[in-house]
């Protein structure tokens, strides 16, 4: 019965006893607010400016080089025995 449109006075005949009774209009359900669409674009490393910096001026046992972009940080180091270490962090 809920799916069919049946006049309220047919379902509840006592409402006919009230003078000037009118079926109230159906309320409009509130709309859910929409989240703003995000602009997304995959950035390539070649599109970005990169910044390269050297290790501090003080001598260290294992000097390193840091290369940064908008989405990555790369640290390169070479130990005294010649072992090369590269660590890249992608954000």
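Every residue, even glycine, has its Cβ placed from backbone N, Cα and C.
Under the heading compositional bias 'Pro residues', Swiss-Prot lists 22-33. Proximity of distant same-chain residues to the compositional bias 'Pro residues' (22-33), defined by a Cβ-Cβ separation under 8 Å and at least 6 residues beyond the stretch ends, is recorded for 7-9.
What Swiss-Prot records for 49-58 is compositional bias 'Polar residues'.
As annotated by Swiss-Prot, region 'Disordered' applies to 1-62.
In terms of DSSP secondary structure, the compositional bias 'Pro residues' (22-33) contains 0 helix, 0 strand, 12 coil.
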